[in-house]
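Visitor: Dropping a structure here in structure tokens format, bear with me for questions.
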Amino acid sequence: MNSPVLQDCVREWGEIQENYQDIQETHRLYKQKLEELSKLQTRCSGTISRQKKKLRELSVELKKCKSKAKNVEEEEEQIRDLNNQIRAREKTFFEMESFLPKKNGLYLSLVLGNVNVTLLSKQAKFAYKDEYEKFKLYLTIILMVLSFICRFLLNSRVTDAVFNFLLVWYYCTLTIRESILINNGSRIKGWWVLNHYISTFLSGVMLTWPDGLMYQMFRNQFLSFSMYQSFVQFLQYYYQSGCLYRLRALGERHNMDLTVEGFQSWMWRGLTFLLPFLFFGQFWQLYNAITLFKLARHPECKEWQVIMCGLPFLVHFLGNFFTTLRVVHQKFQKQN
């Protein structure tokens with residue numbers, strides 16, 4: 001005669017078997033829906049591609065018509081109306097494509113391979129974007145504290161190397177995450193993405209710079225700049241995130257828009273006070289470049305890292321300064 005414990009085990013196994021049948025059926029339906037989803041994605045992507053091609057061809061034809069329709073007011077109005085509708089349709093397709101699998105760019109392909117990084121729901125996209133923003137905030141605070149410690153408390157090449165390694169890892173991670181966000185519909189301006197690639201290169205060169213006279217002559221200036229840069233980035237995140245939240249609530253900004261380390265047109269509403277901080281930081285980048293170019297001409301300078309750090313600082317200044325200046329100029333033009 002079976003023991004009560006064994007009988008309980010047999011009964012439990014029977015219940016597990018019943019649940020297992022349900023799981024198998026649910027999983028079968030899940031795989032079926034996945035196959036259907038894959039077919040729908042392929043069909044939708046193909047249809048959108050064909051429509052976009054036709055829109056491009058139509059835009060070319062409209063340009064030809066515009067050159068022939070000079071001084072014919074009715075035709076010019078029709079052409080303007082069609083162009084506006086084409087632009088609106090292209091924006092709609094952009095929204096649609098953010099929910100469809102797409103081929104990774106060169107950078108993501110090199111880092112991740114041919115992995116689909118498209119998130120299929122608005123909630124997942126927003127959660128990933130929110131996590132990206134928190135990552136930037138937390139690392140900015142950590143970098144600010146660490147640069148303060150290196151600048152005022154510990155004068156050691158080891159702690160400096162830890163700080164520079166953290167910078168390399170931070171900017172590498174940012175570029176990967178931003179590429180994924182772009183694949184999911186974030187409209188990050190070209191310069192602000194390139195800016196992080198340059199920062200990754202600069203941090204990598206700083207990491208390899210051996211201790212010596214040239215390094216010590218630039219060390220305190222670099223750490224002070226890093227501390228100030230982290231402080232400004234913290235200010236930008238704090239105020240930009242609040243501004244973006246209000247504009248999204250008003251329907252004036254896209255849900256996937258991000259905070260940036262610069263100034264964009266939407267920031268005129270309450271964020272112009274950041275401009276002096278930004279311009280000061282940008283001219284500090286120029287000052288860093290000039291300092292490094294002077295050090296490169298020093299009789300005792302033998303390190304290649306000196307000139308290779310000076311060039312990225314100069315590119316940073318030119319890109320940041322003229323991008324910010326263009327936004328300010330465009331805003332004043334619109335006001336006039």
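Keep in mind that glycine also has a Cβ here, set from the backbone N, Cα and C atoms.
Got these off Swiss-Prot a minute ago, pasting:
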| type | residues | note |
| --- | --- | --- |
| TOPO_DOM | 1-131 | topological domain 'Cytoplasmic' |
| BINDING | K129, S186, R187, Q236, Y239, Q240, K331 | CoA binding site |
| TRANSMEM | 132-151 | transmembrane segment |
| TOPO_DOM | 152-157 | topological domain 'Extracellular' |
| TRANSMEM | 158-176 | transmembrane segment |
| TOPO_DOM | 177-189 | topological domain 'Cytoplasmic' |
| TRANSMEM | 190-208 | transmembrane segment |
| TOPO_DOM | 209-217 | topological domain 'Extracellular' |
| TRANSMEM | 218-239 | transmembrane segment |
| TOPO_DOM | 240-269 | topological domain 'Cytoplasmic' |
| TRANSMEM | 270-293 | transmembrane segment |
| TOPO_DOM | 294-303 | topological domain 'Extracellular' |
| TRANSMEM | 304-329 | transmembrane segment |
| TOPO_DOM | 330-336 | topological domain 'Cytoplasmic' |
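Would you situate these features in the structure and describe their surroundings?
Guide: Summarising model confidence by region, the topological domain 'Cytoplasmic' (1-131) averages a pLDDT of 83.
Around the Cβ of S186 (CoA binding site), the number of neighbouring Cβ atoms within 10 Å comes to 21.
Within its own chain, the topological domain 'Extracellular' (152-157) has Cβ neighbours under 8 Å at 211, 215, counting only residues six or more beyond its boundaries.
For the transmembrane segment (190-208), the residues of the chain that approach it from at least six positions outside its boundaries are 161, 164-165, 167-168, 170-172, 174-175, 178-179, 182, 222, 260-262, 305, 308-309, 312-313, 315-316, 319-320, 323, judged by C-beta separation under 8 angstroms.
Sequence-distant contacts of the transmembrane segment (270-293) (same chain, at least 6 residues past either end, Cβ-Cβ under 8 Å): 218, 221-222, 225, 228-229, 232, 235-236, 239-240, 243, 262-263, 306-307, 309-311, 313-314, 316-317, 320-321, 324, 328.
Within the same chain, residues 209-210, 212-215, 217-218, 310 sit at least 6 positions outside the topological domain 'Extracellular' (294-303) and bring their C-beta atoms closer than 8 Å to a C-beta of that stretch.
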Visitor: Any residues 6+ beyond the ends of the transmembrane segment (158-176) with a Cβ under 8 Å from its own?
Guide: 107-108, 111-112, 135-136, 139, 142-143, 146-147, 149-150, 193, 196-197, 199-200, 203-204, 206-207, 219, 223, 226
Visitor: Tell me which of the binding-site residues K129, R187, K331 sits in the most Cβ-dense spot, judged by other Cβ atoms within 10 Å.
Guide: K129
Visitor: Based on the record's binding annotation for CoA (K129, S186, R187, Q236, Y239, Q240, K331), what whole-number value in Å is the widest Cα to Cα distance?
Guide: 28
Visitor: In the topological domain 'Extracellular' (294-303), how many residues does DSSP assign to helix, to strand and to coil?
Guide: 3 helix, 0 strand, 7 coil
